[in-house]
Amino acid sequence: MLEPTGLQTLWFFIIAFFFLAYFVLEGFDFGVQMNVAAFWKRGVGTRGTILRTIGPVWDGNEVWVITGGALLFAAFPEWYATLFSGFYLALLLLLLVLIVRVCAFKWRDKVDSDRWRNGWDVVHVIGGFAPALLWGVAFSNIVAGVAIDQNHWVTTSLLGLLNPFALLGGIVFVLLFWLHGTLYLALKVEGQLREDAHRLAGVLVWPTIVAGAAYLLWFQFAHSNTWLTLVPIAIAAVALIAVVPFVRARREGLAFGATTTAIGGAAVSLLGGLFPYVMPATNDAANSLTVANASSTPHTLTVMLVALCIFLPIVIAYVIWTYRVFRHRIGDEDSPAPGSRLVEKAKQGYRDAFEQN
């Protein structure tokens, strides 16, 4: 097996960073949408409040996966081709769900009708659960490996992708994103909805800990290429356990930081355990795609790195600015949240951003 160069290794972890950012940021978007189902009986007003917490940021969070996919295509074209040809049905389904999800955000409030909003709220629920499940299944198959022939075509069937490890991964992604989104909701609202979000987070954290531990340990002992990944696994475990006292103390900011750390630790353990492979072949190791044999030329990687160094700081600065502008809470069922002289301005900003989207 060819040893990857420093530049190839750097690009592997750059792409890993983009997908990590996507899972952290879009993960709570998915979780907030899942809570439309959790608080369904509270009515369309409360559901609208829930969705407004992510109204200004959800579309910006999607940029990370779009950029990550583009960088994957440019930096590792062989990986991109094998991944998208082998997983095309699953990825097509994911794409369709994401498109319909966008429609739900844009059209929910176009008609002043509870029946109309109820229909789109169902789509929001699907748009929260389905992408999380599909990402978990797809990502688990990537890190665990699939059957690949000598021409780097994936020969595993669609049903073969629905193996126990991948299904457990889908469940873990759903639970972790749901918990992550519930804590974000608690950060952004006031009143009874905030209290209900705290209670729901206290319920969700326990199955998330159990399922997450089983998933990461299964990966470590069955698929990881190094014992060093036990370190980020331990960090993820400690972070998830820390959510319990933070939620009980009503410290949702610390709890949200803990779930962010848990997502980061899990992603680092999975991708670190995958390296130096990008798609292991379960039928013949010689057919595996690695960082070395799937990458573009050094010149291409160098030019891309220069461009990234110029534009990535701008993107990160814009993301920080966006979250700072919309950092204030909104009220339960659109009532103003107390405690800030800028709350009405922030509230109007939420409405304007949501209507424009």
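Glycine too: its Cβ is placed from the backbone N, Cα and C atoms.
Annotated transmembrane segment per TrEMBL: 7-25 (among others), in sequence order. Long-range neighbours of the transmembrane segment (7-25) within the same chain, counting only residues 6 or more positions beyond its ends whose Cβ lies under 8 Å from a Cβ of the stretch, are 57, 61-62, 64-65, 67-68, 71-72, 75-76, 135, 177, 180, 260, 263-264, 267-268, 271, 275-276, 278, 291-292, 295, 298, 301-302, 304-305, 308, 319.
Feature annotation from TrEMBL assigns transmembrane segment to 79-104 (among others). If you look at the transmembrane segment (79-104), the same-chain residues 6 or more away from its ends with a CB under 8 A from one of its CBs are 33, 59, 62, 69, 72-73, 120-121, 123-124, 126-127, 130-131, 134-135, 137-138, 141-142, 146, 148, 152-154, 156, 158, 161, 278-279, 289, 294.
Sequence annotations record features per position, and here TrEMBL assigns transmembrane segment to 125-148 (among others). Packing against the transmembrane segment (125-148) from elsewhere in the chain are residues 23, 27, 29-37, 82-83, 86-87, 90-91, 93-94, 97-98, 100-101, 104, 154-156, 160-163, 165-174, 177-178, 181, 219, 222-223, 270-271, 273-274, 277-284, 287-289: each is 6 or more residues past its ends and has a CB under 8 Å from a CB in it.
According to TrEMBL, the transmembrane segment annotation covers 160-179 (among others). Taking Cβ pairs closer than 8 Å, the transmembrane segment (160-179) reaches residues 23, 27-28, 30-31, 34-35, 87, 90, 128-129, 132-141, 144, 146-147, 201, 204-205, 207-208, 211-212, 214-215, 218-219, 222-223, 243, 259, 262-263, 266 in its own chain, all 6 or more past its ends.
Summarising the annotation, TrEMBL assigns transmembrane segment to 200-221 (among others). Long-range Cβ contacts of the transmembrane segment (200-221) within its own chain (Cβ-Cβ under 8 Å, at least 6 residues beyond either end) map to 35, 38, 143-144, 165, 168-169, 171-172, 175-176, 178-179, 182-183, 186, 229-230, 233, 236-237, 240-241, 243-244, 247-248, 252, 255, 262, 266, 269-270, 273.
If you look up TrEMBL, you'll see 227-247 (among others) marked as transmembrane segment.
Taken from TrEMBL, the feature transmembrane segment applies to 254-279 (among others).
Annotation comment: TrEMBL describes 299-321 (among others) as transmembrane segment.
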Surrounding residues of the transmembrane segment (254-279) on its own chain - C-beta under 8 Å, 6+ positions past either end: 1, 3-4, 9, 12-13, 16, 19-20, 23-24, 27-28, 76, 79, 82-83, 139, 142-143, 145-146, 148, 176, 179-180, 183-184, 186-187, 201, 212, 216, 219-220, 223-226, 228-230, 232-237, 239-240, 242-243, 246-247, 288-292, 294
